[in-house]
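A.B. asks: Shown below is the structure under consideration.
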């Protein structure tokens, strides 16, 4: 690069200093370095019509987590003689304007496989190439480059975890040490007419701080991520024996996992560094669990979903998605969806999980499995895309590829097809937490319900409901469906849908689904129909 030249480091995810090849490249041989983050109204603008505080795309918990991560990044950049330059607006327009005004010769940003960022990046790269600006966009958000794995597989993404592992092998970077520190950064030059601000507060974005009755206990930022990672890997035995899907979904004060997912989502923690730390632990112990259940296996799952998502057009929908079974989910399900989303299905285990999601923006992976199964193929037969939207908005670790992948999986639309295996909304939670402490914490209305009835409060005699100061149907809802009959009905619908997909070799049209839905309704046993109508009226 010529003397006196400027680089722009565009932060989106990858909100860290350690193992950040884009930042390292941007700082090399530059006289000036502009570290930029753009506040994107698409994600950050308050939406007064949303069912809970936040924007159309993100709940307040995730927005707060992102702002905390930016404050931490800014503070870490200041230690290196720089700072974070925050701008607002459509990211591609803002970045193009900065490139022009600051006479930038080199643009660096971490590669992103999400369709939203792919579109933004195409715009910005298009401008950069005509302006003769060098673009450096390394893959460092994942362990592998999804495009390379797809290429190895003849241009198609591998559709099973095992075939992914076989293709992936060892990451190519594993033999060279990761760059964990940067000693100093070039200063930024004149910002001209670009409006630079500090990292905004929640209130400056237009939110009322008092909008939320409980705030996520997890704080954003690289410093917090590295501290949490150190605490997790200190206990070598725990790491060596970690086995998913084991773990207690009802443990909330001290969760039974690392809770590193939100830090990986925003790139406050490098997945490559995490993987290296796990390999080091494995070298120093006699025995350890292996993928898919080990902690390293979890990171590989993340890469698996990233790869399939990147190589599958319309991965985030049912229609037109080649790997997704076409299923006639309920159309008239807004009441059921709202009851599920707001934690008033009448099943305390399900409702407590959904309240934890709304309040904390997080819940244990097995808890996620339970509520996703309940909404879709287990009990309510509501479309997985609707549940996915709720998770996408409320989770602090919501990640496009993983969230869609998990909903496809849990609704038995792709990857996993044993639709007869259903999580019971009663016995599953009881197995981990027979006293119902988790329920009592997130649903205080049930805090005095005896443990014999806490998972099925509608079965408690009226005298007991009175003593517990919780009358079912008044203080806490009756079940929206009865699990035994509802799950039986769901299995019947799934069996018919699977048979149709098989018969038409996956080429199921909108009309085929409409006809199947009509047939399913006609075949539905009259007493089930009547029971549901009575229930909705009552």
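Just so it is clear, glycine is given a Cβ too, placed from its N, Cα and C backbone atoms.
A TrEMBL annotation is a machine prediction, not a hand-curated record.
Under the heading domain 'Photolyase/cryptochrome alpha/beta', TrEMBL lists 5-143. According to TrEMBL, the feature FAD binding site maps to 257-261, 298-305, 397-399. As annotated by TrEMBL, site 'Electron transfer via tryptophanyl radical' applies to 329, 384, 407.
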A.B. asks: Using Cα-Cα distances with a 10 Å cut-off, which of the recorded sites 329, 384, 407 are near residue 257 (FAD binding site)?
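C.D. replies: Neighbours among recorded sites: none.
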A.B. asks: Can you give me the same-chain residues 6 or more apart in sequence from residue 259 (FAD binding site) with a CB-CB distance under 8 Å?
C.D. replies: 218, 228, 362
A.B. asks: Among 305, 329, all listed as recorded positions, which has the most CB atoms within 10 Å of its CB?
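C.D. replies: Result of the Cβ crowding comparison: 305.
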A.B. asks: Using C-alpha positions only, work out which of the recorded sites 329, 384, 407 is nearest to residue 261 (FAD binding site).
C.D. replies: 407
A.B. asks: What recorded positions among 299, 301, 303, 305, 329, 398 are found with a C-alpha within 10 angstroms of that of residue 407 (site 'Electron transfer via tryptophanyl radical')?
C.D. replies: none
A.B. asks: Nearest to residue 384 (site 'Electron transfer via tryptophanyl radical') in three-dimensional space, by Cα, is which of the recorded positions 301, 305, 329, 398?
C.D. replies: 329
A.B. asks: Work out how many Å separate residue 329 (site 'Electron transfer via tryptophanyl radical') and residue 398 (FAD binding site) at their Cα atoms, rounded off.
C.D. replies: 24
A.B. asks: Output, ordered by sequence, the same-chain residues six or more apart from residue 398 (FAD binding site) with a CB under 8 Å from its CB, or 'none'.
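C.D. replies: Correct list: 58, 62, 265, 391, 392.
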A.B. asks: Can you check which residues sit near residue 301 (FAD binding site), meaning Cβ under 8 Å from its Cβ, same chain, 6 or more apart in sequence, and list them in order?
C.D. replies: 161, 292
A.B. asks: Count the Cβ atoms, other than its own, that fall within 10 Å of the Cβ of residue 384 (site 'Electron transfer via tryptophanyl radical'), considering every protein chain shown.
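C.D. replies: There are 26 such Cβ atoms around residue 384 (site 'Electron transfer via tryptophanyl radical').
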A.B. asks: Provide the number of Cβ atoms within 10 Å of the Cβ of residue 407 (site 'Electron transfer via tryptophanyl radical'), excluding the reference atom itself.
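C.D. replies: So the Cβ neighbour count for residue 407 (site 'Electron transfer via tryptophanyl radical') comes to 25.
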A.B. asks: Please count the residues of the domain 'Photolyase/cryptochrome alpha/beta' (5-143) that DSSP assigns to helix (H, G, I), strand (E, B) and coil.
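C.D. replies: Its residues divide into 57 helix, 30 strand, 52 coil.
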